[in-house]
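Structure, as structure tokens:
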Amino acid sequence: MTKDIATPLRTQEIMAKHGLTVKKSLGQNFLIDPNILRKIVGKANLTKQSAAIEVGPGIGALTEHLAREAGKVLAFEIDQRLLPVLEDTLSPYDNVSIIHSDILKADVEAAIKEELAGYEDIMVVANLPYYVTTPIILKLLLEKLPIKGLVVMLQKEVAERITAKPGTKAYGSLSIAIQYYTEAEMALTVPKSVFLPQPNVDSAVIRMIKRPQPLVEVIDEDFFFTVTRSSFAQRRKTILNNLQVGMPQGKEKKELILKALAEAEIDPTRRGETLSIEEFGHLANKLHAYFK
Ligand code: SAM
């Protein structure tokens, strides 16, 4: 087996060899601990029959662990300076394709068709750039790609919001959006010492496995997400008050909201954070009849 990229010494050697400095604006915090990489990859349950999609391979620390475990790795990297570095560091592996692109602009579905044909078991595994974690996760879920799930490192605070249960402080529209599509759980908490440079915030790894069907059947997904976002606009307000601001203008608005709440059997004085995702789904379907 080749020497790991993710040791402090080898990372420094690679960066010196290529005259590379980190770009903080691109969320570049490289992993320098092979143990944490083994743990992250272990959470993805990869085999040679599965494929991995990585967002932001950096200098290849996680990529090489994925290449050892999976049949194929497809990685998207925004920073052009890293392409020759990756070509060098990943030269021992013939099962990695790197696409130079901003993941938010990439046609991921087309790339999967082209690069991962024949793979049915596809996991996204990444140490995400922290300035853009939520948009990346939402893009990968909303585009309804043929992926089984995601194992990603991100800020601990966002990880807590994503995996939060009703009735907790961290529970909100982000928890609902992600848990509507996936079963999300905290997989690892990670010390700052495994990164170069060390990030300012604490980190965690979460695992999200896509549900065969979304958690609740809704008539209109966009409207469902509008209802959930509105319900948390001011956390201390009741669901009725938040919806009065969030629903479109119209005659008898308050009466119609109260009617929908009664039909969904939800007390109008409850706060958004006490409603389960199923309750939000039922409420959105009732409101849809009056406001769409
Ligand atoms: N995977 C490497 C590791 O664990 O050492 C690097 C992870 S670093 C936290 C994030 C990586 O994402 C960087 O390589 C950065 O250049 C890349 N990146 C940042 N924004 C991106 C975007 N919008 N699309 C694709 N890659 C991006």
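Note that Cβ sites are derived from N, Cα and C of the backbone, with glycine treated the same way.
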Exercise. Which of Asp102, Asp107, Asp220 does TrEMBL put in the same S-adenosyl-L-methionine site as Asn29, Leu31, Gly56, Glu77, Asn127?
Worked result: Asp102
Problem set entry | For S-adenosyl-L-methionine: widest Cα to Cα gap among Asn29, Leu31, Gly56, Glu77, Asp102, Asn127 in Å | 20
Problem set entry | Residue, out of the binding-site residues Glu77, Asp102, whose Cβ gathers the largest set of other Cβ atoms within 10 Å | Glu77
Exercise. Counting other Cβ atoms within 10 Å of each Cβ, which of the binding-site residues Asn29, Asn127 scores lowest?
Worked result: Asn29
Problem set entry | Local Cβ density at Leu31 (S-adenosyl-L-methionine binding site) - other Cβ atoms counted within 10 Å | 22
For this session: Starting from the Cβ of Gly56 (S-adenosyl-L-methionine binding site), draw a 10 Å sphere and report how many other Cβ atoms land inside it.
Result: 22
